[in-house]
């Protein structure tokens with residue numbers, strides 16, 4: 001036998017793996033090209049719709065498809081909403097075949113270069129911090145609005161001047177206003193096609209482009225202002241025109257069966273105005289609950305919009321709305337499950353930590369978010385919190401840190417304190433009479449942990465903004481200790497706090513126990529700025545207490561539900577695809593069994609029926625998938641519990657997790673400055689000189705003023721950069737709804 005024959009199977013396996021990798025790469029390339037072509041064609045058609053060329057194409061398409069089974073409704077839905085749903089289908093396939101291949105894609109380019117998404121261009125102004133990519137999007141949308149309004153205004157002028165020149169000037173002016181209002185309403189419908197896409201938290205589209213919900217929310221805010229401005233002008237121009245003609249009240253109360261029903265539009269606009277006014281930054285900050293509750297009027301807004309314009313015009317924006325409905329229904333079912341609070345503790349600095357149970361097959365990354373409801377405090381209030389633990393801390397739990405700032409968080413802190421006192425009076429592991437019942441939506445966040453894609457990191461936190469950076473630090477240390485892929489080698493944490501009472505939060509990460517010799521692989525430096533103290537407190541350097549803590553004996557069966565859009569991509573994709581097929585089937589059955597046989601032609605009624613079909617398809621077809629998904633979750637969880645009976649994930653008792661300064665020689669540089677604020681020009685300049693010609697990832701979590709300061713310094717450093725200096729990449733991890 002040939003002595004090298006033993007190596008042939010290995011060579012064959014390697015060749016098979018290379019071929020598989022090649023086919024996967026080709027498939028992904030094909031899908032990327034297909035999705036870009038579909039999106040570009042769809043967006044270009046919407047952009048050019050006011051032109052005669054696109055208008056002629058639209059009318060030819062309508063004439064060619066109006067005689068089909070689905071008629072005008074199916075024709076418009078396929079043209080304006082179909083592309084978005086088709087991209088969602090292709091995105092599902094793309095994410096499935098990608099698997100874990102790109103999860104930890106390392107940016108190892110030797111030559112640092114700028115990136116559109118991480119280069120801040122605008123740092124002051126109504127939009128907040130705007131990257132180059134976002135600025136391009138703003139310019140494109142602004143160009144579309146200016147172009148569309150200009151072209152439609154010219155059309156209106158030609159119509160009035162050529163066909164209605166014989167009318168008195170007052171009537172011509174009123175007609176011009178009404179036609180302008182009509183065009184603005186149509187442009188608003190096209191903007192609304194994008195409006196709901198960013199707030200579908202677990203949307204496969206957001207997963208595809210790796211933009212997390214907390215970041216995409218700002219796009220919803222921008223689009224919301226634009227859409228409501230257009231709809232408000234749409235209604236205002238009609239009101240002025242009808243008032244000039246002397247029949248304002250009659251028009252407002254009109255509910256036509258054929259054509260546009262005015263009164264439902266009035267109701268829809270009023271609901272939209274209430275949402276818009278209460279979402280303005282000043283009023284939202286003063287009374288967030290008012291903003292939150294009035295925003296539930298989106299149901300009224302959408303339903304009466306469908307009644308107002310009818311089914312085939314509603315199809316212009318139906319695709320994004322349908323994806324939002326899918327996400328909302330899935331969130332509803334996930335939030336029904338009660339989640340165990342495994343441990344809780346309250347720190348003297350006014351911060352609360354909760355450790356929550358989760359199944360091992362529910363994955364998240366260190367920059368994740370969850371929405372939390374505590375039923376003993378409120379059945380209606382949901383609050384977003386950043387995860388403070390690493391997924392490598394344990395498969396069956398995650399932790400969050402909560403700053404006590406308002407009435408809800410104060411109640412939570414008091415409840416934890418009362419539970420702790422009960423346990424001290426009885427037995428530590430005896431279930432107290434007082435309890436915490438939590439419900440969770442999430443986790444959400446980036447599809448991939450982007451903090452692992454930079455070799456050099458600067459993490460800038462303000463106050464409780466340190467929470468996600470504790471998770472990052474945890475994650476990096478665990479990866480180094482477990483020899484997992486981990487690019488970061490140089491990490492600088494800049495933390496600004498008001499008083500030294502907050503300093504112990506940083507020591508909740510026991511670095512030495514996680515990775516005893518991490519300094520061999522990681523250069524870590526922490527610069528803390530205590531802004532409202534000029535000197536250390538007497539307690540500093542000692543164990544901080546008292547810490548009110550509680551532990552709850554709980555079964556892992558009461559962990560978070562895996563029914564979340566950011567969860568298993570196969571189930572998530574099946575859910576979207578089956579629900580969309582359900583919509584097609586439902587509309588088909590409605591047409592052949594009711595609309596066509598009974599000659600149903602009322603616009604408003606057909607609009608209502610179309611919304612009903614969307615709802616039924618989500619509830620019935622999507623609900624069937626959710627039920628099967630839930631069964632799969634239970635079987636998978638049971639199997640994991642059987643496999644882990646002898647090596648269960650353990651939660652450290654809070655009373656055993658003392659917070660203190662590490663004794664002995666530190667493996668990292670820890671500098672605390674009192675009575676100072678961070679000078680970012682000095683900090684960034686020194687890091688650029690020290691680290692040299694490299695990419696530096698800058699992640700900031702804190703108030704808007706901190707984000708602005710950091711973004712401004714990143715921009716300054718990049719604009720003044722020389723050939724051999726660093727490139728700073730700005731990333732924000734702040735949730736500002």
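Keep in mind that glycine also has a Cβ here, set from the backbone N, Cα and C atoms.
Taken from TrEMBL, the feature transmembrane segment covers 29-49 (among others). Long-range contacts of the transmembrane segment (29-49) within its own chain (CB-CB distance under 8 A, at least 6 residues past either end) are made by residues 55, 57-58, 79-80, 83-84, 86-87, 90-91, 93-94, 97, 144, 147-148, 190, 193, 208.
Here the transmembrane segment (77-97) has long-range neighbours at 24, 27-28, 31-32, 34-35, 38-39, 41-42, 45-46, 58, 61, 65, 70, 193, 197, 203-205, 207-208, 312, 315-320, 322-323, 447, 569-570, 572-573, 576-577, 580, meaning same-chain residues at least 6 beyond its ends whose C-beta is under 8 angstroms from one of its own. What TrEMBL records for 77-97 (among others) is transmembrane segment.
Positions annotated as transmembrane segment by TrEMBL: 117-147 (among others).
Sequence annotations record features per position, and here TrEMBL assigns transmembrane segment to 180-199 (among others). Residues 46, 49, 80-81, 84, 141, 145, 148-149, 152-153, 155-156, 205-206, 213, 216-217, 219-220, 223-224, 226-227, 230-231, 233-238, 241, 309, 313, 316-317, 319-321, 323-324 of the same chain, all 6+ positions outside the transmembrane segment (180-199), place their C-beta atoms under 8 angstroms from a C-beta of that stretch.
According to TrEMBL, the feature transmembrane segment maps to 219-243 (among others).
The transmembrane segment annotation in TrEMBL covers 255-277 (among others).
Cβ atoms under 8 Å from those of the transmembrane segment (297-326) belong to residues 71-73, 75-77, 80-85, 88, 186, 189-190, 192-197, 199-200, 203, 205, 260-262, 264-265, 267-268, 271-272, 274-275, 565, 575-576, 579-580, 583, 603-604, 606-611, 614-615, 618, 622 of the same chain, restricted to positions at least 6 beyond its ends. Positions annotated as transmembrane segment by TrEMBL: 297-326 (among others).
The domain 'FAD-binding FR-type' annotation in TrEMBL covers 334-450.
What TrEMBL records for 569-590 (among others) is transmembrane segment. Residues 69-70, 73-74, 85, 88-89, 92-93, 95-96, 202, 204, 207, 322-323, 326, 330, 609-610, 613-614, 616-618, 620-622, 624-626, 629, 632 of the same chain, all 6+ positions outside the transmembrane segment (569-590), place their C-beta atoms under 8 angstroms from a C-beta of that stretch.
What TrEMBL lists as transmembrane segment is 602-629 (among others). Sequence-distant neighbours of the transmembrane segment (602-629) (same chain, 6+ residues past either end, Cβ-Cβ under 8 Å): 73, 255-261, 264, 302-303, 306-311, 314-315, 318, 321-322, 325-326, 329-330, 333, 562-563, 568, 571, 574-575, 578-583, 585-587, 590, 595.
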Tell me, what is the mean pLDDT of the domain 'FAD-binding FR-type' (334-450)?
-> 84
Contact set of the transmembrane segment (219-243) with the rest of its chain, CB cutoff 8 A exclusive, min separation 6+ beyond the ends, reads 127, 137-138, 141, 145, 173-178, 180-182, 184-185, 187-188, 191-192, 194-196, 198-199, 251-252, 265-266, 269, 272-273, 275-276, 279
Could you break down the residues of the domain 'FAD-binding FR-type' (334-450) into DSSP helix, strand and coil, giving a count for each?
-> 25 helix, 40 strand, 52 coil
For the transmembrane segment (255-277), distant same-chain residues with Cβ under 8 A (at least six beyond the ends) | 224-225, 228, 231-232, 235, 283, 294-295, 297-298, 300-305, 307-310, 601-605
